[in-house]
Amino acid sequence: MEKRLWLILKGYAKAFFEKHGMSDSILTVTNLSKSFSGVKALDNIQFDLKRGEVHALMGENGAGKSTFMKTLIGLLTPDSGEITFKGQNYKHTNVSKTLRSGISMIHQEILIIPELTVAQNIFLGREKEVSGKSGLFSGWLNDFNMNQQAGELMEKLGVNIAPEAKMKHLSVAQMQMVEIAKAISNNAKVVIMDEPTSAISDKEVATLFSIIRSLRESGVSIIYISHKMDEIFEISDRITVFRDGKYIGTKTAVELDKNSLIAMMVGREIDQMFPESANDFGEELLAVKDLSRKGAFSNISFQVKAGEVLGIAGLMGAGRTEIARVIFGLDKPDSGEIYVSGEKKQIDSPLNALRQGVGYVSEDRKALGFIPQMSVKDNITLASLPKHKNGLFINEESELYTTDQMIADLKIKTSGAEQKVINLSGGNQQKVVIGKVLLASPNIIILDEPTRGVDVGAKFEIYKLIRKLAESGIAVIMISSELPEILGMSDRILVLSKGKQTALLSKKEATQELIMKYAVA
Amino acid sequence: MEIRVNPPYNSLTRYGIFFAFLLICIVLAFSTPRFFTVSNLMIIGTQVSINALLAFGVTFVIITGGIDLSLGSMVAVTGVVAAMFAHPDTYPLAVPILAGLGAGLVLGGFNGLVITKSKVPPFIVTLGTMTIGRGLALILSKGRPISNLSDSFNFIGGGNILGIPFPIIILVLAFAVCAVILNKTILGRYMYAVGGNEPAARASGIHVTKVKMWVYTICGLLSALGGILLTSRITTGQPNAGAGFELDAIAAAIIGGTSTSGGTGTMTGTLIGALLIGVISNSLDLLNVTSYYQQVVMGVIIIGAVVLDSAGKKGRE
């Protein structure tokens, strides 16, 4: 109640300032656009950040948040649009310049050097500034000054971390505090925090929030990115929503509630992109019972039938990929059972999984999908090479024949079978990886973010392909962060939240709002 | 990312090292009349053979993203073991050969086993094996050279067939077998896959451990072949033989275009790399350049080859 009153008062104050021409915006973004090879990642983005506010940035995965952040800190150059910072036009194409000008970012992955001390990390790259010497001796390290200044920063933040402690001995939350100290030691006026609570406990979140509040009191503005609704409402003053690279709107936190915010984030129509489901399923091909892996997910149970597409939805870090990895034998489960065609199986390696008829197309094509130095042909036959054996040798003719057929079937755009995969577009690389898994003739196929980094046209083709696979009697599991895709493709939808199964919805009952509700439950 | 069309036979950069080799040969043929004689070419071939065998072995290893520093020590151990069974009128010729190859198999297999089971980097494991191997060679020979070897055994490194030195025949056969393994067999394809992207290879159902076991074992076998050849040529089992051979072999592979980060490399490239090293040291001998300068020249060539290669790659990208 008090909070609301305070915010309303603050709102009046702002209205007053704005009316009288005393704009208190520190950072204003107008009509910002950025395209990647014809695909608009940011489309006329508007953003306004006031002095001393916590401004949450919301949107589904792929909404353009991270592209936006990267343009703010100078990692990407926008195609058009304007950024005004401290009343001046701001054009930085260089991260260290951005830092010096007063914008800091705390990344989701904490970037520290574990063997150095807290103070050494805070002043990394700026040792000369704290050396207290000039000229020839400015390169002389001054640990005393560094420790003292780091100690002052810690005090300012109200945290108790010794500046002399080695980074590697700190907890994740403490490392984050050091990152924040580093950010404000740059005299930052704007601090961007990308999912700062993804790796810390509730108690540590409370400390983080009290630091954020004290920063706000001292006039620092914070752009706060998180998927966690409760946090957003607890900490932020205003919320801006992006969707598909477009600016949807900015509202004060008191104007919104969970449901209206979700509606803003997902409120799009599902277009006619998704081919009809056959609704004609065969026998059960895969069943998972009480599958658990410590620190990743627990008590997951589901079945998939021949011809069925099971969608797995959930936010990043909900445990979706981790489940797929266990079923495919990349990781070991701690408990639970996996049944393939009714038989209990121990799947302890991908080789074993492929032999049981389980195929997996990873979300991370570059890491787990293809071999960059190899051609389309060599990649596409890699999981089924023994089928092209001629005595001791590889039968290259049959290999080429199979590859050409797959290139035609999947409409892979390549100059030929000998083209290197690394030179193909994202969508075509994805098709090569799918082709590779298909040639291993799986009965069950797990597609993890099958359309990530793929442009719209190729997306549609991949959807058609998925439906075709299902119709041919394969059981398909599709993991996706894109709700329209999950809704459009799945016959049933498993929703996960923080490693737990929160719903198993039928196609009929599922809506974006309902999935989102269970995903944040 | 748009589609770029790479002509599969991108002439100069792809075969740069081959052209460099030809150019050097032509220059030498004109500058020193003795270079382009049959007898000198035979000498070069014989001198190159041992390094080339080791280089073939280490090419497999480097393609999978590994390294083997124990080649030189394996040459010593296998040479000593072969010599122990090669005294006249004791065992038939097959025994010393099989004993030497067996020793190479065991040492290479040991490398493979430790690397795949312990996850310790190959650099460290084979560094250990390098020292172990040297020690074993000294233990087995009691620190003394083993001489008095049979004539049939000495034929391996010193004999001719139709005027062609036997080491050259072994070199050609080994090259053919290695090139076929790398290009025409599933094992060869898997080597490229493991070196190119190990997690992706594993996710494609490749038994990565098995591939690595094979690679280090083959490398041990080729070192043994080199060890037998060397022992036969110098007609003694020398426990101190082969020191530093691993570096020449690695140099040949790298000059031949094998990337130390794994996933690329060819046997032809390695052969040319070994020949280039042989031709240059031969010609510097002919030109009466002292061996001190030869080492400097060799080092410059190694660095130059890789600089040119990466410049070529950048040009293509």
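Cβ from N, Cα, C; glycine included.
If you look up TrEMBL, you'll see B:12-30, B:42-63, B:93-114, B:120-140, B:161-182, B:213-230, B:250-280, B:292-311 marked as transmembrane segment.
Touching of the transmembrane segment (B:213-230) and the transmembrane segment (B:93-114) is concluded from the presence of at least three CB pairs under 8 A, sequence neighbours closer than 6 excluded. Here the transmembrane segment (B:120-140) lies next to the transmembrane segment (B:93-114) in space: the count of CB pairs under 8 Å, restricted to residues six or more apart, reaches at least 3.
Residues of the same chain lying 6 or more positions beyond the ends of the transmembrane segment (B:42-63) and with a Cβ under 8 Å from any Cβ of it are 71, 75, 122, 164-165, 167-168, 170-171, 174-175, 178, 181-182, 191-192, 195, 215-216, 218-223, 225-226, 229-230, 233, 245-246, 248-250, 252-254, 256, 258-260, 262-267, 270-271, 273-275, 277-279, 281-282. Under 8 Å from some Cβ of the transmembrane segment (B:250-280) lie the Cβ atoms of residues 17-18, 20-21, 24-25, 28, 44-45, 47-48, 51-52, 55-56, 58-59, 62-67, 175, 178-179, 182-183, 192, 194-197, 294, 297-298, 301-302, 305-306, 309, all in the same chain and six or more residues away from its ends.
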